[in-house]
Amino acid sequence: MTVSFHKFGDMFFPGTGDVKDIGEREGKYYAINVPLKDGIDDTSFTRLFKIIISKVVEMYQPGAIVLQCGADSLAGDRLGCFNLSIDGHAECVKIVKKFNLPLLVTGGGGYTKENVARCWTVETGVLLDTELPNEIPENEYIKYFAPDCLLNIPNGHIENLNSKSYLSTIKMQVLENLRSIQHAPGVQMQEVPPDFYIPDFDEDEHNPDERMDQHTQDKQIQRDDEYYDGDNDNDHNMDM
């Protein structure tokens with residue numbers, strides 16, 4: 001299941017991600033796209049994010065979440081067009097963290113580099129339950145954060161083109177699509193040893209008085225149908 005909140009329309013790159021893009025064949029309804037217009041603010045974004053992500057977790061029941069924290073949605077981004085503050089952006093990380101599911105958090109887009117650094121610093125603090133002071137301490141890169149040298153940035157002033165009716169329509173469409181899925185079955189994860197690893201073992205050299213642990217014994221088990229020594233050997237005619 002993928003869920004994406006993004007700018008859509010006005011020929012904005014890459015031009016995909018309409019709410020009607022829901023996946024194909026076996027993946028139908030497992031792609032959730034939340035297309036947004038210019039200027040969305042903290043209140044509108046975090047409210048919509050919480051409603052949709054909560055419903056996704058309820059319906060899909062994921063075993064783990066990968067959260068990509070693209071920072072191009074921040075106010076003042078060179079290529080972005082939203083009005084999010086760092087606190088608003090970080091609120092979404094808090095929402096996902098509260099599900100208490102295995103969580104992998106990555107970076108993403110972001111083209112005003114000093115704000116990207118600010119954002120991911122604050123969100124690292126969120127993940128570690130650590131509240132950071134707003135003042136950035138002296139360091140060799142401090143000049144990039146001048147003149148204020150603060151973590152937080154002001155909200156943007158781009159006109160919010162996301163009306164309440166537009167956001168409500170998007171929300172209802174996404175929730176309707178989610179009703180069409182079946183949650184993923186639980187899959188137990190386990191380590192799979194590489195196929196090529198076959199430990200050397202010489203029974204003649206083994207000390208019968210030396211106890212071997214179970215893990216080592218398991219490594220020495222060879223399937224009866226793993227290799228052939230005869231006509232069934234697919235490699236027996238190969239030139240060496």
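Every residue gets a Cβ built from N, Cα and C, even glycine.
TrEMBL lists 1-125 with the feature domain 'Histone deacetylase'.
Annotation comment: TrEMBL describes 185-240 as region 'Disordered'.
Per TrEMBL, compositional bias 'Basic and acidic residues' is recorded for 208-225.
Along the domain 'Histone deacetylase' (1-125), the predicted structure has mean pLDDT 89. According to DSSP, the secondary structure content of the domain 'Histone deacetylase' (1-125) in residues is 50 helix, 22 strand, 53 coil.
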